[in-house]
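Feature annotations, reproduced from Swiss-Prot:
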BINDING   CYS347, CYS407, CYS410  [4Fe-4S] cluster binding site
Amino acid sequence: MAKTLYEKLFDAHVVYEAENETPLLYIDRHLVHEVTSPQAFDGLRAHGRPVRQPGKTFATMDHNVSTQTKDINACGEMARIQMQELIKNCKEFGVELYDLNHPYQGIVHVMGPEQGVTLPGMTIVCGDSHTATHGAFGALAFGIGTSEVEHVLATQTLKQGRAKTMKIEVQGKAAPGITAKDIVLAIIGKTGSAGGTGHVVEFCGEAIRDLSMEGRMTLCNMAIEMGAKAGLVAPDETTFNYVKGRLHAPKGKDFDDAVAYWKTLQTDEGATFDTVVTLQAEEIAPQVTWGTNPGQVISVNDNIPDPASFADPVERASAEKALAYMGLKPGIPLTEVAIDKVFIGSCTNSRIEDLRAAAEIAKGRKVAPGVQALVVPGSGPVKAQAEAEGLDKIFIEAGFEWRLPGCSMCLAMNNDRLNPGERCASTSNRNFEGRQGRGGRTHLVSPAMAAAAAVTGHFADIRNIK
């Protein structure tokens, strides 16, 4: 029987399945951070259980680390306690930890792929909703809750029901300057923020194959923002070339054998999906969200929509509420909307290619008066690479702040946050009310678009910036 990529990955990991019971899946990799793990380790301790597979468990600090200092006390008492607990727990249970002073420390979904922890064909979990990022490698990756974190630590397995399948095909080639962020925002604009609920999404089509691994990670990172359980891109030569030579990747003949298997991780011809969505890449312009969920998104050259134009009463009410919160009026061109802050970072867009794209816009320009712009690399290796290329100097000369790695203003768990009423052009993944700070207003954009907003003081079409 013809199978989708998701079905192949799921079936290959079923440990046990009884009639009328939820299947038990084997978990290949478990990524851990300081926020969702303390109670899980406490549970192990209370029952006298070890970590079943410490060699398949990797930890880092990211959510509430300071991006201005490596001082563990810098972001308040709760942050300090969570980080100290992670140090204690990893030491006690034999888990490898990339702490504040480790050169590999960074956002968990940046660290995993760049260290070769993430490989095609794997099941990967983390107590974090954006674990879907790792699906870019053709791995089944999804977020779990703290009780499930404990279960995986104890057993290296997890009960998981089968999801429905969705194919999202982006046909043709994207125009110059159009990034994975624009593509995924356009997709969510079409499906809505709940369009993928109950599904695992496979992204395919020429525009997807053209993306680098970093672009594919951006794409899969935001699968969760359309309500999907996970996002997938089938592995190909782009994937294999990225993985080869990384710290935890197979070496020599083992790598060749792995690639031979990874090449089978494609959806079979004739396999059926529960839902199919198609977009034309050439129709996608730079995207900017205007509301309070990622599905409320338009092209940069469009006007803010009028809630009255929505036929669905629920959508209309949502749009009215969003515009009130965002302090926007219908009919205003997006390019006339001024911004206060810019955040370039997060597990969506903090990799080296993202920083290069932003630096290209920043080079030779200055951050607009009254705008604060932060650049937060996703990990120690990304920061080191950017500095080796001189990107930090470009940003600093333009008036951007060059920070240490961490999740930062994406979710405002450290000291990087918006004040009430402040408007931010952000490369992160969520524009919910209060996400970047109480009363803060978030617009999601690509790194180049964020840099353009920083230097112009308002949203600007990067296609017009020479």
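Using N, Cα and C of the backbone, Cβ positions are placed for all residues, glycine too.
As the structure is a computational prediction, the values presented were derived from the model and not from experiment.
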Review point. Within 8 Å of the Cβ centre of CYS347, CYS407, CYS410, which other residues of the chain have their Cβ, at the recorded [4Fe-4S] cluster site?
Key: ASP62, HIS63, ILE107, HIS109, HIS130, GLY345, SER346, THR348, SER350, GLY406, SER408, LEU411, SER428, ASN429
Study note, to complete from the structure: Reading the DSSP string in three states, the entry for CYS407 ([4Fe-4S] cluster binding site) is coil
**Study point:** Cβ neighbours within the same chain of CYS410 ([4Fe-4S] cluster binding site) - under 8 Å, at least six residues apart
**Key:** PHE343, GLY345, SER346, CYS347, THR348, SER426, SER428, ASN429, ARG430, ARG435, GLN436
Check your understanding: Taking the Cβ of CYS347 ([4Fe-4S] cluster binding site) as centre, how many other Cβ atoms lie within 10 Å?
Key -> 27
